[in-house]
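K.L.:
Take this structure, written in structure tokens, and hold onto it; I'll ask about it next.
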Amino acid sequence: MSVGSKGVAGIIALIVRLLLGSCGTEGAEDVCDGPLVSSLPPSSFRSSSQLSGSHGPVFAKVNRREGAGGWSPLVSDRYQWLEVDLERRTQITAVATQGRYGSSDWLTVYQLMFSDTGHNWRQHRQEDSLGAFPGNSNADTVVQYKLEQPVVARYLRLIPLDWNPTGRIGLRLEIYGCRYTSDVANFDGSSFLLFRLSWTAMEMISLNFKTMKNSGTLLHAEGPGDHSLTLVLEKGRLLLYHQQGVSSSSGGRLLAALGSLLDDQHWHHVKLERFSTHLNLTVNKNTQQVHTPAELNRWDIHQLSVGAVQGHGLQKPVLSNRNFHGCLENLFYNDFSLISLAKKNNHQVTAVGNVTFSCAEPVAVAMTFTDSQSFLQLPPLTPWSSGVVAVALQFRTWNKAGLLLTFELPQLEGTAWLYLSEARLRLQINKADRAILELSAGSGLSDGQWHSVEMTSRHDCLSISVDKDEGATSHSSVPLSLTTDCQLFFGGCPAPQRSGQECRNPFTVFQGCMRLLTLDDQTVDLIKVQQRLLGNYSHLQIDMCGIIDRCSPSHCEHGGRCTQSWSTFHCNCSSSGYSGATCHSSTHEQSCEAYKHKGNTSGHYYIDVDGSGPVKPQLIYCNMTEDMAWMVIQHNNTELTRVYSSPELNHHSVYFDYDTEDEQLTAVISQSEHCEQELVYHCRKSRLLNTPEGAPFTWWVGGPHPGQVQSYWGGAQPGSRQCACGLHDSCLDSNHFCNCDADFNQWTNDSGLLTRKESLPVRSLVLGDVQRPGSEAAYRVGPLRCHGDKNFWNAAFFDKETSYLHFPTFHGELNADISFLFKTTSSSGVFLENLGIKDFIRIELNSSTEVVFSFDVGNGPLEVRVEANIPLNDDRWHSVRAERNVKEASLCVDEFPATTQEAPADGHIHLQLNSQLFIGGTASRQKGFLGCIRALQLNGVTLDVEERAKITPGVRPGCPGHCSSYGSLCQNHGRCVEKSNSFSCDCGQSAYTGAFCHQEVSVSFDPWMSITYILKEPYDLSSNSSVIPSSIYTDMSLRGENISLSFRTLQSPALLLYVNSFFKEYLALLINRHDELEMRYKLHSSRDVEVLASRVTNLADGRLHTVKIWRLADTVSVQIDRNTREDFNLTSDVEFNSIKSLILGRVQKSDELDTELVGLASLGFTGCLSAVRFNSFAPLKAALLLTDSHVTVKGPLVLSSCGSSSAAKPSTAETTHSLSDQPGSVDPGQPLVNAMRSDSAVIGGVISVVIFVTVSALAVMARFACTRKETYRNQEVKAAQPEDAREFPFSSQADSPRVDSESQKEYFI
């Protein structure tokens, strides 16, 4: 729209406003706080009762002394009320109360009710659902309560809830507000208004409506392109639909659903606002953002029908074509009052049917059963003696069970119960505690909608029906026999001492609303019941329905499903990834680092980077190494991919779709200490960046969505337009900054890591020089890999009780979660505190074993305590998690059971803080915390305590000393190594490897294979002729050994381990011919060998067995598997002198062996050995890692996973992967392109099986075909060359965790 047309539209709008008058909630007044009661006539005041003529309601005016100085009822109880008629609908902004003059009578707590008609009252509630307001503390002071939101009503009713205990109810009242004017239209269900609009583009439509019908069309807007928007009421909710096409067979697409219980005959405000890319739909106080189709962004409304769908007549209605039945008020299109146009019979408006401009107010008196003591007792009707009984009513409730009606049957000596059970209507007639009749009808009756019930008994027919639906009707031939003495009890039963007639209720009491009670087609006058002129009742709210939808808006977060009963709601968090009463707390860790420090090893884990924040958890692969925990995020093409030359193709573009959403990607990169992504380009006559001065042929896009164009390559500096070789001055052609830019007719490559986090991840790649004849290229963009968690290790050390850190006010009004780790040697101290005017929140260490979470949201202080059974001041890390929401507060410390406190029902729910947040202390500088606080998060947001500590006296950044808490994660003799942030496990003294020294090191042996670990090299006498020969080897003598290993074999006898010495002493561990374990010690060259035999048998059964041997001097202890430890004693000697080497497998020759052992040693060992450890030596690990020059391997070294399954069948006992027997070799320099993508789980599984079978076959072939013995360190691992890649010189090393392979085991860390 042009500037000029906008100006004209503005002038037109102004003229229309001036001509039609100002209509709205404020009328013509700027200030709306004038007193309203003082000028009212006596007829405007009513009350439930009065103590005397001088205590009447007409005297209840603030600061007046007429009569007895105010109103006092006859009886002081909660059924009394004072009502004021303001004579017209008025905007009310405040209410003031005062006690009765010159008395001790005043209110301390009261409720406010509002109404337009004097019926159908609505209880006023504050923002946090409180319905009670504070009153007076004496008889003279005027206490004013300003409404948080103005209320428009004609009638106000004040209900005393509590009063001065030494007096009675006494009240003087003032109401403040101003005149309210509005334009109203009434629709009778068959009428509507049609507006043809040609002014300006729609920016906003707003209106108020009220109705008793739960369905009907409010608005239907049509515009160009046959697009339409429809706002309909369905089951008390407001639905917004979009529909396109006059012949569309669809009923439209639902864009939004908002509100609930909108059929309560009270005014509700609706506003629809249009923005550039979305709509905002507001119902009452709740707003929902609606993303609309792009074609609606510039869409104008040509025709607007109000009260019905009235358009081309060809579109299928969104719902059954139900017109609106009720009243509309202040209907505005932008600034134009459409109802004013209709009232003036404007030519742009067509009224169809009986549209009137005043609101018809149907009266249907309802009553609310509020609690377990609620009941209504009604007398019988005389005609029942004729044998015809008819009872009808309407009800609405959220409860699935509850008694609707019960009465005695004297002639049957029985009882009838009409009740709800499992949200179905049931009728049961009971005699002598036995059901003689049961009927049921309906279903889903606990949905909060009004449902009609009819029970009719005529002669030989008894029936019940729900919502007049024949499908929900049940019949029986048992008639009801009632007498005039029978009393009807609705909702429940009175206390026994209060009822003149027996009433029994074996079911749950009813909580909900009832209306339109009829007995034999005669409507029960509930106003007479309220005035105690008919029947009896208790704990009823009459002339109002107090139902509340606690799920609208829903307090359930993160997709939790809300269900409710009358008094509470419940969140179903299953499948959401969150837990707690409102699905607020994430069940997943925020990084791989956090998983690692819980003892988890490599694998796929759900990562929730912002905890309780809005970002959803994502499945990410965590690669746990000894030093780091890597997050590996895959995309749709991590393989080396070949690009062929094509004259028709100017460039080749590829886009990368990551497994993780953009929000998650951004958060992962932001919180990680380091991120990297490999960028590889293989080329032959295919230039890359066209350095040094030409326009780049190739570029990539990276960074947060949508990303930025980057023209440097992996391994180079951002913005440098170089490759890694250019940075290091090592390119093939020194005139260029990339190898590929030399444009050689031979294969070369440029590759490297991208490490600038602001440029990650790589989102797309454009290859430009691929169209020339002879150009060939291949590219690879690896997965995004990140390690380190800046949040997890963010710590501060508080070394003074008066020191603290302060941060901005914590905003957790409805949901607040606080988590952190601490360690201290002090027995008390405040971790965190934030104050408001009255509200506060605090977490503190109350004693050495107790943590306390305390807060106040206006209901009084509440404490949640966790008592630990161990000291918490042990200078180890302990975790604390506190959560407070509208339902409950909880506190969890370490793995101790969480403590929970429920929130008061219908109490204050908003936590209102206004001071600074103090960490490690308080504003008063008392009870400060001494120690470390780490990883502090509030509602998923990390507080940077480490950065703040750098500038705060008495607080130091960081906190060392992690091994005291995490050292136990290092297994199998692994040693915990401290780091400034984190720790690592040193597996140097362990027979295992991996992040926690937890991964087995297993090798399969054949009869020709051996591993020799040289414990002491032979001494060269020529190097020092002065050394006495007898003292050469004394430094390698032992008085004890610690041996552990696992094995699996079918061989018997078999030598498992052999240790010899320079003095012809030895130790041999073997399985004898009886399948028993033997230890043979020869600790003196001139004495016989000592044989120690275990009593455990069947060790050569192909199953995994674990052996542990401890010797100290002459005492030897042996434990096999979980059998009882066996103890032995040596008699010959206790010192193992000058040990030389340890041998696994075949022993080639040894002079010290006896004849029997020589024969056994020459047979070698067939089977699997795992986790072999001799004192601090790990020979298998040393052989595999190739880091120790003391190890020698003869024969093929075959990896095995025999230690991973202890109960495997002998035939499948060994799963091996050979590192030495790989067939074929490829032409050096030619890239191998993997034809399969690693992101296919099915293909990956097939590949795994094929690789397993192939490699197993190769291992068997190698076992029998190997004819020469060579050391492992001289062998090469070679890969097979595909037939179609003879000239493609480089192999792909995809870092993909999706396809399992032995290479992923951390043997080489």
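Cβ from N, Cα, C; glycine included.
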K.L.:
Consult TrEMBL and report which candidate among CYS892, CYS932, CYS987, CYS997 shares a disulfide bond with CYS959.
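P.N.:
Partner cysteine, according to TrEMBL: CYS932.
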K.L.:
What is the average pLDDT across the domain 'EGF-like' (547-584)?
P.N.:
93
K.L.:
How does the domain 'Fibrinogen C-terminal' (583-635) divide up by DSSP, counting helix, then strand, then coil residues?
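P.N.:
Here the numbers are 5 helix, 21 strand, 27 coil.
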K.L.:
Quick one: do the domain 'Laminin G' (794-959) and the domain 'Laminin G' (1016-1202) have at least 3 Cβ pairs under 8 Å, skipping pairs fewer than 6 apart in sequence?
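P.N.:
No, the domain 'Laminin G' (794-959) does not contact the domain 'Laminin G' (1016-1202).
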K.L.:
Under 8 Å, at least three CB pairs between the domain 'Laminin G' (182-359) and the domain 'EGF-like' (547-584) (pairs 6 or more apart)?
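P.N.:
Touching, yes - the domain 'Laminin G' (182-359) and the domain 'EGF-like' (547-584) meet the threshold of 3 or more Cβ pairs under 8 Å.
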K.L.:
Using Cβ-Cβ distances, find the residues under 8 Å from CYS932 (disulfide bond) that belong to the same chain and are at least 6 apart in sequence, listing them in sequence order.
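P.N.:
Those within reach of CYS932 (disulfide bond), by Cβ under 8 Å and sequence separation of 6 or more, are ALA795, ALA796, PHE797, PHE798, PHE822, LYS823, THR824, CYS959.
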K.L.:
Measure from the Cβ of CYS959 (disulfide bond) and count the other Cβ atoms within 10 Å, all protein chains considered.
P.N.:
25
